[in-house]
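Here is the structure we will look at, set down as structure tokens.
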Amino acid sequence: MNIFVSVAKTGNDRHAFTSFSRTEIRTLCGNWRESRQIDRRKSSSLDKISEARYRTMQFYSRRKKLIGNAQTEQLYGHCLQFYGQPPIENISLSEFETFAVDRLKLLKTVENLGVSYVKTSEQYTKKLDAEFSNLNFPYKIEADDRKPQTGPSEYEKRRKDHISHFILRLAYCQTEDLRRWFIQQEIDLFRYRFKDLGSKNIREFLQYNNLHYHTISIDEKKNLTDKLVNSSFAVSGSTVDCQDFYKVPFQDALDLVRTRKVYLKGGYVYIPHQDIVTIVLNDFRTRLSKALALTARSLPAVQSDERLQPLLNHLSHAYVGQDYSIQKSIGKISLEQIDPLSAKSYPLCMRQLHRGLRDSHHLRHGGRMQYGLFLKGIGLTLDQALQFWRSEFVKGKVDADKFDKAYAYSIRHMFGKEGKRTDYTPYSCMKVILSNPPSQGDQHGCPFRHSDPELLKQKLQSYKVSPSGISQILELVKGMHYQLACQKYFELMHSIEDSGFSLNHPNQYFMESQKLLGGPGAGVKVEVKREDNPATKPPNPSPHQTPGPGNRPQEVAAEITEDLDSFFQDA
């Protein structure tokens with residue numbers, strides 16, 4: 001007996017029937033049961049695999065901290081580094097930028113605090129600790145590893161410290177001035193971190209970096225107690241027992257021998273714990289100086305990379321403060337207010353440019369760019385700027401027709417109305433100091449950096465700066481602290497003891513002055529840099545993106561350069 005079973009077919013005959021016998025049906029049902037059993041076994045196996053994977057993930061999460069610690073010890077055996085070996089891993093351009101800018105912020109904080117406060121004072125330590133924490137750099141070993149970690153791990157902090165140091169080496173090896181500045185800030189940073197180490201950590205650091213300076217034994221210390229107390233500062237009979245003394249070849253401690261701060265015997269000096277930093281710093285300075293010289297020789301090979309060249313060129317004079325091109329005071333300042341404002345609220349560089357423009361009724365291109373962007377930043381509109389420059393130039397050798405043909409275009413260009421429509425930002429202090437130095441007949445630049453000290457003194461006297469104030473400013477200029485000299489000028493001109501801010505921008509000087517004086521720029525609000533607002537930062541191109549017609553290397557390099565102008569706020 002046959003049973004008719006309907007079977008769907010793939011052909012055109014969708015209503016056909018196929019005939020099956022009972023035997024064939026039993027066979028088909030048996031196959032179906034076997035397939036269901038196989039499916040159940042597979043499902044059970046998958047459940048076991050999932051459970052095993054889950055247990056593995058749990059085990060990995062428990063071991064993650066231990067593995068991270070092992071990785072830290074292997075690559076960065078100590079929280080403080082001599083930066084002897086360059087990094088060899090691959091990093092993204094975004095990480096490259098972030099690391100470089102964060103370290104630059106840290107070094108500038110070190111510079112400003114080092115002049116404003118005594119380097120061993122509580123205020124200095126407190127402010128620098130806060131900056132380390134904010135920027136996620138390693139600065140002290142945690143006393144209790146059992147505390148729950150928040151933020152980046154110790155390995156990530158040490159990695160950032162290592163990579164960012166070498167990035168800034170590339171940027172600051174290009175000139176003697178840049179190398180000198182970089183070495184000084186890195187040494188101050190190293191000194192601060194080294195002094196925060198305990199005796200055990202110092203011994204570990206010396207051993208890790210193959211510095212063979214060993215502590216003397218307790219018996220030897222007892223035999224030399226009187227000699228050590230009499231020859232070492234800040235060491236007394238009650239403190240000599242509780243601190244380490246290092247036995248070092250005298251040729252490695254010539255500075256301490258010259259100043260008679262250590263006990264010398266048999267070609268060795270005995271250095272107390274608090275003075276060993278002098279020896280280590282000399283070694284660090286020598287190594288870093290040689291490394292920068294070698295980096296400068298290999299710089300042409302690095303600069304041939306179209307991705308890195310614009311970054312490195314900007315880093316050496318990068319501004320990492322607020323953006324003074326985007327503000328709310330447009331049109332609040334009239335042309336009649338410029339002269340009185342220049343005497344009260346202009347930094348010395350802009351006061352010099354304004355005086356030069358009024359006297360000669362002309363400024364060269366460098367002066368027009370520096371002063372024109374500053375005026376744009378304090379609130380002048382495009383129409384006001386055109387009227388201001390035209391009225392001044394026509395008093396000289398330029399008639400109105402020639403001004404419209406030769407100069408009006410560049411003014412519209414700096415307001416983003418011509419050319420590439422780039423909205424240029426006012427020059428920062430670093431850009432004024434480090435780029436385009438003035439030549440004969442120029443008025444632009446930084447008076448503290450580019451003026452002869454005697455001429456600077458005469459200029460300050462003409463502005464009624466007190467003799468003691470002039471001495472303080474000239475001392476800062478002598479130490480190449482040009483921005484701090486300008487900050488001291490601000491304090492003297494406004495008769496205040498402490499300005500309460502770190503000066504990094506001419507427009508910042510103007511805004512802070514107007515806050516004190518209650519002028520038209522007092523309520524100006526400025527936007528924070530783009531780097532602090534990820535939502536406005538343009539997305540980075542994929543590293544695997546193939547250059548197409550609109551993504552050729554030359555065009556990409558040009559786009560990166562324009563983005564960096566906005567990123568560093570340093571047009």
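Quick reminder: no glycine exception, Cβ is built from N, Cα and C everywhere.
Here is what TrEMBL records for this protein:
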DOMAIN    340-510  domain 'DNA primase large subunit C-terminal'
BINDING   C349, C429, C446, C486  [4Fe-4S] cluster binding site
REGION    531-555  region 'Disordered'
COMPBIAS  536-546  compositional bias 'Pro residues'
CB-centroid shell, 8 A cutoff, [4Fe-4S] cluster site C349, C429, C446, C486, site residues removed:
P347, L348, V432, I433, P447, F448, R449, Y482, Q483, P506
Including all protein chains displayed, how many Cβ atoms other than that of C429 ([4Fe-4S] cluster binding site) lie within 10 Å of its Cβ?
25
Count the Cβ atoms, other than its own, that fall within 10 Å of the Cβ of C486 ([4Fe-4S] cluster binding site), considering every protein chain shown.
26
Other than its own, how many Cβ atoms are within 10 Å of the Cβ belonging to C446 ([4Fe-4S] cluster binding site)?
25
Tell me, roughly as an integer, the mean pLDDT over the domain 'DNA primase large subunit C-terminal' (340-510).
91
